[in-house]
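S.K.: Quick one: this structure, given as structure tokens, is what I'll be asking you about.
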């Protein structure tokens with residue numbers, strides 16, 4: 001499922017303006033995504049989240065990211081992420097494959 005190289009291109013085009021992925025990377029408009037998988041929503045240390053994000057209480061996984069990345073504002077009403085989402089399932093699969101590799105050791 002998914003192509004990490006294609007996912008990296010999607011990340012650069014649609015995500016990198018607001019997010020970093022490397023360990024110790026700085027927060028931008030959005031949080032650094034290192035350690036994303038297995039972490040609860042709203043828990044990246046040092047980032048100021050909305051209550052909606054903190055209170056959602058789901059664990060980030062391939063499944064939850066598939067749903068979230070399709071329509072972030074529907075999945076977490078009140079999130080400050082202004083991204084409209086990625087409608088194509090194959091693009092979400094590629095992006096998640098890339099994130100899985102890029103955000104963990």
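Every residue number used here counts from 1 along the chain in the order it is shown.
Quick reminder: no glycine exception, Cβ is built from N, Cα and C everywhere.
Take a look at what Swiss-Prot says about it:
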- 15, 18, 19, 81: heme c binding site (BINDING)
- 2: N-acetylglycine (MOD_RES)
S.K.: Could you tally the C-beta atoms, other than its own, that fall within 10 angstroms of the C-beta of residue 2 (N-acetylglycine)?
M.R.: 17
S.K.: Starting from the heme c site formed by 15, 18, 19, 81, give every other residue of that chain whose CB sits within 8 Å of the mean position of their CB atoms, in sequence order.
M.R.: 14, 16, 17, 28, 29, 30, 83
S.K.: Rounded to a whole number, how many Å is the Cα of residue 2 (N-acetylglycine) away from the Cα of residue 15 (heme c binding site)?
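M.R.: Taking the Cα atoms only, residue 2 (N-acetylglycine) lies 17 Å from residue 15 (heme c binding site).
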S.K.: Are there residues of the same chain, six or more positions away from residue 15 (heme c binding site), whose CB falls under 8 angstroms from its CB, and which are they?
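M.R.: Sequence-distant Cβ neighbours: 30, 83, 95.
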S.K.: Looking only at 15, 18, 19, 81, the residues listed as binding heme c, what is the longest Cα to Cα distance in Å?
M.R.: 11
S.K.: Most Cβ neighbours within 10 Å: which of the binding-site residues 18, 81 is it?
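M.R.: Of the binding-site residues 18, 81, the most buried by Cβ count within 10 Å is 81.
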S.K.: Taking 10 A as the limit, how many CB atoms besides its own sit near the CB of residue 19 (heme c binding site)?
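M.R.: So the Cβ neighbour count for residue 19 (heme c binding site) comes to 21.
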